[in-house]
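Straight out of TrEMBL:
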DOMAIN    29-174  domain 'UBC core'
ACT_SITE  Cys112  active site, glycyl thioester intermediate
Amino acid sequence: MIRLFKVKEKQKELAENANGGVPIKKQTAGELRLHKDISELNLPKSCAISFPNGKDDLMNFEVSIRPDEGYYFGGTFLFSFQVSPIYPHEAPKVKCKTKVYHPNIDLEGNVCLNILREDWKPVLNINTIIYGLYHLFTEPNYEDPLNHDAAAVLRDNPKMFESNVRRAMAGYHVLINPTRAANRETGLIKQQWLSSWCWQAMCFI
């Protein structure tokens, strides 16, 4: 036991000398686990990982997804990952940096993915999250939305949803669900008519 400890101390000393005498920062358990996850990544060709702050900052990285099928075919979507020091006991914070018309991603980049919320477990990993994000683009889910208007269009009129996605990816603004817009306008007219009717009724009392 003592001999093993001395060997580790010697290795640490040699590493510090090789590093110009600067003490090497001890990695947290989260960093060690993340390093393992990244070294074991098995991603489809349509997904890529990058480290904007350099390989010394593994806890903050980006993932780009370029769907090769579905409504979002041909688009490129960038996500930022911020990993907690207590990972994997806490899910990474993931944001979409690309503005996208999507039922499960809002305009602030928040992502509605169950494994990033209540279904997260320490046995899950970065590979699982990236596949989950990729799945959002091949099979968007209108039953658990963040963008309720996009979800309603996908549910009620998939062809219009596809058209809206294409317009958004081309840089055009997409209007809210026309049905809901019409209902809002009708509701406003009814409210104005009701107010007018009440005022007239009061005048005749």
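The count begins at 1 with the first shown residue.
Glycine too: its Cβ is placed from the backbone N, Cα and C atoms.
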How many of the residues that make up the domain 'UBC core' (29-174) does DSSP mark as helix, as strand and as coil?
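Within the domain 'UBC core' (29-174) the tally stands at 48 helix, 24 strand, 74 coil.
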Using a 10 Å radius around its CB, how many other CB atoms surround Cys112 (active site, glycyl thioester intermediate)?
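Other Cβ atoms within 10 Å of Cys112 (active site, glycyl thioester intermediate): 18.
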